Amino acid sequence: MTNEKIKRIGVFTSGGDAPGMNAAIRAVVRTGIYYQKEVFGIMRGYEGMIEGDIVKLGARSVGNIIQRGGTILKTARSKEFRTKEGRLKAYNNLKKEGIDALVAIGGDGSFTGLHYLTEEFGIPAVCIPGTIDNDLTGTDYTIGYDTATNTAVEAIDKIRDTALSHNRLFFIEVMGRNSGYIAVNSGIAGGAAAIIIPEETMSFENLMTLLTAGEGSSKKSNLIVVAEGSKIGGATELAKKVAERSDYFDIKVTVLGHLQRGGSPTYFDRVLASKLGVAAVEGILKGQTDVMVGIRNSKIVYNSFDSIINHVHEIDQESLRIAKILSI
Ligand code: F6P
């Protein structure tokens with residue numbers, strides 16, 4: 001794989017960090033070097049690209065990071081990159097360093113920026129899906145989702161112990177602005193009585209019906225998992241509304257928040273990140289550009305940014321069905 005046109009590859013992380021991003025950086029750097037390319041790390045995503053904060057990376061400089069959460073390249077959400085002037089500054093810095101191809105690790109917001117950069121300046125670019133939300137179409141899994149869901153399950157298990165001991169009703173809020181993936185799967189794995197997600201229209205009245213059924217059978221402790229993007233209110237709001245309607249339950253709220261973004265990546269996320277990192281570089285060297293690399297039915301796939309940006313990764317209906325059957 002000797003693409004003579006590409007000599008220097010830039011890699012960066014962008015948007016919310018996700019466990020496994022470091023494993024992806026390591027894979028990109030080592031694959032680039034394996035194919036005799038030079039690899040540069042761009043710090044703080046598009047912010048660092050605009051400011052020219054770019055460092056050369058070697059095979060050893062990405063040692064001892066596969067097991068670490070966060071991102072050694074740091075990350076940011078850049079407003080300036082949304083403007084044409086910002087992107088021109090960024091492109092000039094890339095040119096100055098001789099960077100002739102890019103690999104971005106991030107979510108859909110990060111890809112949109114890169115899509116514009118490739119369109120405007122013709123620089124080849126491949127994206128690797130890295131976000132705990134698993135909200136990107138074109139891949140079965142995004143890097144970080146497995147770790148975040150395991151973190152949520154561990155927390156739910158712990159809350160269950162105290163909920164049962166006190167006969168309490170807990171509303172547990174997990175991350176997911178527009179996506180219920182973490183909620184659905186941590187809810188199934190944690191044995192939740194109900195799962196409330198942005199994609200599904202469980203009304204507040206449905207929730208009350210479910211809880212009232214519990215009242216009828218003297219069931220007092222319950223775990224309700226709520227995705228932060230729930231259309232009928234987050235955990236705090238729902239708890240308040242239920243308390244206004246009934247004093248049967250002793251209600252508590254736990255918002256897991258950014259806890260879900262940290263920690264050592266699971267084996268699954270490390271392997272996924274490694275595979276996608278290798279595939280991103282090999283894809284670029286084979287002429288792929290303006291695409292996201294993903295994994296579908298265990299096979300590497302490349303999908304154009306156009307087919308990814310602003311499209312929804314549909315929630316698995318079968319999982320929702322299973323969750324309902326098992327929560328009776
Ligand atoms: O997109 C990943 C995510 O963790 C979402 O689940 C969450 O809504 C958002 O990022 C939080 O972003 P920030 O860290 O900027 O508050």
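Cβ coordinates are placed from backbone N, Cα and C, and glycine is handled just like the others.
Among the candidates Arg87, Arg160, Arg296, the one that TrEMBL lists alongside Arg26, Ala27, Val28, Val29, Arg30, Lys219, Lys220, Ser221 as binding ADP is Arg160. Of the residues Gly16, Gly20, Gly32, TrEMBL puts just one in the ATP site with Arg77, Ser78, Gly107, Asp108, Gly109, Ser110: Gly16. Here the binding-site residues are Arg30, Arg177, Lys219, and the one with the most other Cβ atoms within 10 Å of its Cβ is Arg30. Of all the recorded positions in the list Gly107, Asp133, Lys219, the shortest Cα-Cα distance to Arg261 (substrate binding site) is found for Asp133. Taking the Cβ of Ser78 (ATP binding site) as reference, residues of its chain lying under 8 Å away and at least six apart in sequence are, in sequence order, Ser14, Gly45, Tyr46, Glu47, Ile50, Gly86, Gly113. Residues near Lys252 (substrate binding site) in space but far in sequence (CB under 8 A, at least 6 apart, same chain), listed by position: Ala163, Arg168, Leu169, Phe170, Phe171, Ala239.
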